[in-house]
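Annotated features in Swiss-Prot:
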ACT_SITE  CYS170  active site, acyl-thioester intermediate
BINDING   ARG72, GLY73, GLY74, GLN75, VAL76, THR77, TYR78, HIS79, SER139, ILE140, GLY141, GLY152, LEU153, SER154  substrate binding site
DOMAIN    34-208  domain 'BPL/LPL catalytic'
SITE      LYS136  site 'Lowers pKa of active site Cys'
Amino acid sequence: MHEPRAVVVVHRDVWAYQQAWEQQLAWVQAIHEGQRQDTLILLEHMPVYTLGKRATRADVLRQDIPAVYTDRGGQVTYHGPGQLVVYVLWNLRGQLHGVRAHVARLEEMVMEVLAHYGVVGQRDGAGPGIWVGDAKIASIGVRVTQGVTLHGLSLNRDPDLSHFQGIIPCGQVGRPVTSLAALGVAVSRQALEQRMVEAFERQFNARCWEAS
């Protein structure tokens with residue numbers, strides 16, 4: 001077992017999607033150049049639909065929430081208050097595992113956190129993400145640039161689930177979306193973030209420290 005990798009943890013309150021994306025790109029460049037440690041960002045977004053590389057505008061059914069094309073994999077999803085977003089800026093160079101293993105670790109993180117609250121999460125052959133029964137509770141989308149990952153996962157804590165009705169989530173018509181709150185689990189954002197950081201440390205063999 002290698003020594004744990006030091007990772008800086010950054011918490012943001014509610015961040016505009018475009019601002020968060022631009023910050024990721026800047027930090028990825030710094031990581032690539034050896035000027036910054038790998039970084040874990042935990043935040044919530046203002047309401048936005050994000051379209052991955054396989055998405056089309058036809059996947060967005062509502063016009064009252066902004067839609068942004070992104071460079072991540074996947075199709076379309078919703079981000080907004082009550083949903084924990086975790087961006088993982090992780091240098092893959094020198095690693096034995098590639099992008100698929102990285103995505104699998106993100107999924108394991110989510111399932112570990114859900115299990116702590118007595119919720120059984122599972123993978124689905126339809127694509128990356130985690131489901132509870134037939135309802136999706138977490139989405140995952142990743143891009144690698146200059147050997148460093150960006151984007152990551154979103155876990156529905158207590159968002160307005162009606163906003164998911166304005167899209168065809170991840171291209172899957174008719175499949176429901178759920179949240180911890182809808183499953184009867186009441187958890188604060190702060191507590192959920194702490195659980196997610198701990199799960200990240202275990203799944204990625206990392207040692208996290210909080211940015212001031």
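We count from 1, first residue shown onward.
Including glycine, each Cβ sits where the backbone N, Cα and C put it.
A map of Swiss-Prot features onto the structure.
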residue: ARG72; record: substrate binding site; CB count, 10 Å: 19
residue: GLY74; record: substrate binding site; CB count, 10 Å: 23
residue: VAL76; record: substrate binding site; CB count, 10 Å: 26
residue: TYR78; record: substrate binding site; CB count, 10 Å: 28
residue: LYS136; record: site 'Lowers pKa of active site Cys'; CB count, 10 Å: 24
residue: SER139; record: substrate binding site; CB count, 10 Å: 28
residue: GLY141; record: substrate binding site; CB count, 10 Å: 26
residue: LEU153; record: substrate binding site; CB count, 10 Å: 23
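Under DSSP, TYR78 (substrate binding site) is assigned to a strand (E or B) in the three-state scheme. Spacing of LEU153 (substrate binding site) relative to LYS136 (site 'Lowers pKa of active site Cys') is 12 Å (Cα to Cα, whole number). The two recorded residues, LYS136 (site 'Lowers pKa of active site Cys') and TYR78 (substrate binding site), have Cα atoms 12 Å apart.
Regional average pLDDT for the domain 'BPL/LPL catalytic' (34-208) in the model is 92. Reduced to three states, the DSSP call for GLY141 (substrate binding site) is strand. ARG72 (substrate binding site) falls within neither a helix nor a strand when secondary structure is assigned with DSSP, and so counts as coil.
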